[in-house]
Amino acid sequence: MTLGNSTEVTEFYLLGFGAQHEFWCILFIVFLLIYVTSIMGNSGIILLINTDSRFQTLTYFFLQHLAFVDICYTSAITPKMLQSFTEEKNLMLFQGCVIQFLVYATFATSDCYLLAMMAVDPYVAICKPLHYTVIMSRTVCIRLVAGSYIMGSINASVQTGFTCSLSFCKSNSINHFFCDVPPILALSCSNVDINIMLLVVFVGSNLIFTGLVVIFSYIYIMATILKMSSSAGRKKSFSTCASHLTAVTIFYGTLSYMYLQSHSNNSQENMKVAFIFYGTVIPMLNPLIYSLRNKEVKEALKVIGKKLF
């Protein structure tokens, strides 16, 4: 990357939350607690699934990968955000900026596909129960998870590669708390039409495709549940889907808010707030959502609690 006078860009200055700098101590403690809770919760989910034989099913296979992805993408942005509360100048080397976005974009995209797969799993279980073991075999599920990581890697690599080819002549101050593509494009003096097009195409296609998979899966699930004659069967099916549906609603609701904002100064600040929720709060909520509404998880946690205390 070069500036307009051919001076090489070696670092970026992350503006973060300059307007709230007087509350840095409170914000630091709050987001540190959220981050620690997120890491412990998701690590606990992974550990529980891999050590308890009751969780050796395909549903939990997807869940442990979702927990892993949540750990990775929140760890890509939260530590640097915490640093912005304690340092007056939050500088980041160009190489670090590239790595940060590459990791974040890879796992954030993978998260979308994993949530979509976790909608397909109950669809097959409820709508096609006799064919579940054939359609959702372990080999198929491994390929689906691998595909989610591949899609994440492709999206991140393309976005990063085209962003690295830009020249900068305006400033090296990024109006964000981490290195995201839109605020970086705003600093470029190169033609960014291709970059914007790629951003819209990749982000749009990933969100639309995974969103449609989730929507149609739940349309068929709800239609099948409503046809059930047994009220107990309907209640059990609704309970099976409730946790995932809650997580999906929060996830896509936040993304919709982020990308439907107008490009004003106020919307940039609102975008930061939305990104905080998306990048730090949602990874913390997912373990709570899936454990609090899951009897097997709650029973396993009670057993562990009795052993420890």
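Even glycines carry a Cβ here, placed using N, Cα and C.
C97 (disulfide bond) falls within a helix when secondary structure is assigned with DSSP. Contacts of C97 (disulfide bond) defined by a Cβ separation under 8 A and a same-chain sequence distance of 6+ are given as F12, C179, I184, in order along the sequence. Taken from Swiss-Prot, the feature disulfide bond covers C97-C189, and the record attributes it to sequence analysis.
According to Swiss-Prot, the feature N-linked glycosylation site maps to N5 (among others), an assignment based on sequence analysis.
According to Swiss-Prot, the N-linked glycosylation site annotation covers N155 (among others), on the basis of sequence analysis. According to DSSP, N155 (N-linked glycosylation site) sits within a helical segment. Residue density at N155 (N-linked glycosylation site): 22 other Cβ atoms are found within 10 A of its Cβ, drawing on all protein chains shown.
The N-linked glycosylation site annotation in Swiss-Prot covers N265 (among others).
What Swiss-Prot lists as topological domain 'Extracellular' is 1-25 (among others), and the listing cites sequence analysis.
As annotated by Swiss-Prot, topological domain 'Cytoplasmic' applies to 47-54 (among others).
Residues 1, 9-17, 24-25, 27-28, 31-32, 35, 107, 160, 164, 177-179, 184, 275-276, 279-280 of the same chain sit 6 or more residues outside the topological domain 'Extracellular' (76-99) yet have a Cβ under 8 Å from a Cβ within it. Marked as topological domain 'Extracellular' by Swiss-Prot: 76-99 (among others).
On the 0 to 100 pLDDT scale, the model's mean across the topological domain 'Cytoplasmic' (121-133) is 88. Positions annotated as topological domain 'Cytoplasmic' by Swiss-Prot, on the basis of sequence analysis: 121-133 (among others).
Here Swiss-Prot flags 155-196 (among others) as topological domain 'Extracellular'.
Sequence-distant contacts of the topological domain 'Cytoplasmic' (218-237), counting only residues of its own chain at least 6 positions beyond either end whose CB sits under 8 Å from a CB of the stretch, comprise 119, 122-123, 126-127, 245. The topological domain 'Cytoplasmic' annotation in Swiss-Prot covers 218-237 (among others) and rests on sequence analysis.
For 259-271 (among others), the entry in Swiss-Prot reads topological domain 'Extracellular'.
Feature annotation from Swiss-Prot assigns topological domain 'Cytoplasmic' to 293-309 (among others).
Feature annotation from Swiss-Prot assigns transmembrane segment to 26-46 (among others); the stated evidence is sequence analysis. Long-range Cβ contacts of the transmembrane segment (26-46) within its own chain (Cβ-Cβ under 8 Å, at least 6 residues beyond either end) map to 17, 20, 63-64, 67-68, 70-71, 74-75, 78-79, 81-82, 85-86, 276, 280-281, 283-284, 286-288, 290-291.
The transmembrane segment annotation in Swiss-Prot covers 55-75 (among others).
Within the chain carrying the transmembrane segment (100-120), a Cβ under 8 angstroms from the stretch's Cβ atoms is held by residues 59, 62-63, 65-66, 69-70, 72-73, 76-77, 80, 92, 136, 141, 144-145, 147-149, 151-153, 155-157, 159-160, 163, 178-181, 206-207, 209-211, 213-214, 217-218, 244, 247-248, 251, 279, all 6 or more beyond its ends. For 100-120 (among others), the entry in Swiss-Prot reads transmembrane segment.
Summarising the annotation, Swiss-Prot assigns transmembrane segment to 134-154 (among others).
Most Cβ pairs under 8 Å to the transmembrane segment (272-292), among the stretches 55-75, 134-154, 197-217, belong to 55-75. It is 24 Å from the Cα atom of N155 (N-linked glycosylation site) to that of C189 (disulfide bond).
Using a 10 Å radius centred on the Cβ of C189 (disulfide bond) and all shown protein chains, the other Cβ atoms total 13. Residue counts for the topological domain 'Cytoplasmic' (218-237) under DSSP, helix first, then strand, then coil, are 17 helix, 0 strand, 3 coil.
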